[in-house]
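Novice: Below: one structure in structure tokens.
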Amino acid sequence: MPLKNFKVLNNINDYKDLHKLSKEEINTLASELREYIIEVTSKNGGHIGPSLGVVELTIALLMAFDPEIDRIVWDIGHQAYAYKILTGRKDEFPTLRQYKGISGFLKRSESKYDHFGAGHSSTSISAALGMRVGKDLLKKEGYTVAVIGDGAMTAGEAFEALNNAGWLDPSKFIVILNDNQMSISPNVGALYTYFNKIITNQVFQKPRQALKEILDKIFGKQGTKLARKLEEYIKGLFAPGVIFEELGFTYVGTIDGHNLFDLEKTLENVKQMRGPILIHVITQKGKGYKPAEENPTPFHGMSPFDKITGEPKKSSVNPSWSKVFGKALCELAEKDETIVAITPAMREGSGLLEFSQRFPDRFFDVGIAEQHAATFAGGLAVEGLKPVASFYSTFLQRAYDQVIHDIALQKLPVVFAIDRAGLVGADGPTHHGVFDISFLRAIPEIIISAPKDAQELRDLLYTALNSGKPFAIRYPRGEAVGDIKEGFKEIPIGSWEVLEEGKDIAFLAVGRYVQKALEVRRILKTKGIDITVVNARFIRPIDKELLKHILNTHQFIITGEDGSLNGGFGSAIAEFIMDNDYENRLIRFGIPDKFIEHGSVNLLEKDLGLLPEQIAENIYKKIFNKDFVFMKKA
Ligand SMILES: Cc1ncc(C[n+]2csc(CCOP(=O)(O)OP(=O)(O)O)c2C)c(N)n1
Ligand SMILES: CC(=O)[C@@H](O)[C@H](O)COP(=O)(O)O
Ligand SMILES: [Mg+2]
């Protein structure tokens, strides 16, 4: 995709050229950056809304700071498209989120200007503080700036960092709170209410200064104890940002995040101030593109869309796994008032929108707070409710100790609906959900399951809610397979299902791999090989009786899973074979011991040799020591 004929953007090489531009040219640049972002994301998909919202902020930051010397740490990094374009990736930008193209987030290996990699939220203040302290200890020059959204600010880690920063009291340390009053969905929580009050109570900022002057006049410049107490009291009533001031930050705000020159001036001013500073910048998500301004939630992260109408280009045939889950939960919740749903800020993505509308009192969006979400679910379970906590696999990593210490150890019946399990595609290594099987499998008491199709997801959810146990159900991103029948049926915990009977070779497949295994069977049948296909719908506990039978009747065992091979389902089978003195040959398919880059799942799997035809070739070669090329040459 060639770069369009942009008047200003075409003529600047990177951020250093910003200082050569007139005010008018800078305004034109902001518009051209927006156009470029809309153009590329309409083709590739991506986080368009967050990125359009910070165009002016990005320009102002790159004018006030020099990322060769200063550190700019963007929280999550999903809003950093303008930053990418202005820090040397203008020409590569059309490859955004594509296989072998540039990442949708910031990445240390991609650019020296990406000072800290991210994708998960709320790490920026901690990382920037570490850099600040590092710079000070090593006597390095430069400022350290963290840019964090109002959504990301709801996470514990952000507050852990503020707490530490206020204590360490570093200078040249600036936190920019980019407040657009939106997480993916509208932001939630008491903090959101507080920010909202600050924004609407602007009127009190000037009187606050005037009041201070009056008090100084009445009680003298040194100030008496009473004066200070009175000021604190009144400050608490009216002053914006007092929460940050009490934590040791100087609060500056609010600043209009689309007024580029005010922003730049503010940034220049705070450079002279001592101690940690927090600048509260107000922006609008999707700024400058009507469909995104009007509909910020879908435009947070879009699949390819029509630039004129804003409509997504591809409409799916089947409902997504998330939708199937959400619909099943609503059906079950209709009949059982003790069912409650919890999400850490992923209402839409997790398929919980309908639940939130139909059962608002039983729905809890707790903000970007995975640890709290898990323990909160534990508390609900103690009181006899049936909590269903939905996590993206990758974000559940945040709540590992909570799953162990607060749920499994206490045998609390929390259902973990683990969405986006397996490779997720364009979001890449920060977001692939490939570790949950390995990390959950080590935890006693927890049941781990994966449905082969939509109906089985419903039945597993029903089984989980009736089990009285900690219970995880993992399913992938994208369209579900299979039809949905009426009602629900309980599945015996730990039971597998033989889908096809063959001989000699048995394919034990988890979740998405069941369809692959059936395809492998079809391919190998063309070579006269008949393989057994087992739906290993429980990863923990495994179906020991069926497994023993399979090991006794098949020489070769294949496992397939949408997760890491290290400690995964295949490892469980290897352990069983070894611990029980079987001598079967085992071949495992899954994610190898490395981080997987971004790109379509199909291309990533092709790279990893995980397409059905590649698996079939591989099995054939390993077992018969002969080549069998099934893949059509491109
Ligand atoms: C630990 C974690 N949980 C959830 C997410 C998913 N997520 C990505 S962006 C986002 C909303 C962030 O809101 P905010 O920080 O205000 O940024 P904005 O998109 O509004 O610019 C969420 C919940 C994530 N990236 N990391
Ligand atoms: C940045 C982030 O973490 C989310 O916006 C994520 O990209 C959503 O992924 P899905 O598109 O799979 O919901
Ligand atoms: Mg926000």
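Glycine is no exception: its Cβ is also placed from the backbone N, Cα and C atoms.
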Novice: Where TrEMBL shows H78, G119, H120, S121, G151, A152, Y289, E370 binding thiamine diphosphate, which of N180, N259, N318 is named for the same site?
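Specialist: It is N180, as the record lists it for that site.
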Novice: Reported as an integer number of Å, what is the Cα distance between H78 (thiamine diphosphate binding site) and D150 (Mg(2+) binding site)?
Specialist: 14
Novice: Does any of H78, H120, D150, E370 have a Cβ within less than 6 Å of an atom of ligand 3? These are the binding-site residues; tell me which, or none.
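Specialist: From H78, H120, D150, E370, counting a Cβ under 6 Å from ligand 3 as near, the near ones are D150.
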Novice: Which binding-site residues from the set H78, H120, D150, G151, N180, E370 come near ligand 2, judged by a Cβ under 6 Å from any of its atoms?
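Specialist: Among H78, H120, D150, G151, N180, E370, near ligand 2: H78.
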Novice: Across the domain 'Transketolase-like pyrimidine-binding' (319-483), what is the average pLDDT of the model, as a whole number?
Specialist: 98
Novice: At a 10 Å cut-off from the C-beta of H120 (thiamine diphosphate binding site), count the other C-beta atoms across all protein chains.
Specialist: 22
Novice: Measure from the Cα of D150 (Mg(2+) binding site) to the Cα of every one of the binding-site residues H120, N180, E370, then give the nearest.
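Specialist: For D150 (Mg(2+) binding site), the closest Cα among H120, N180, E370 is found at N180.
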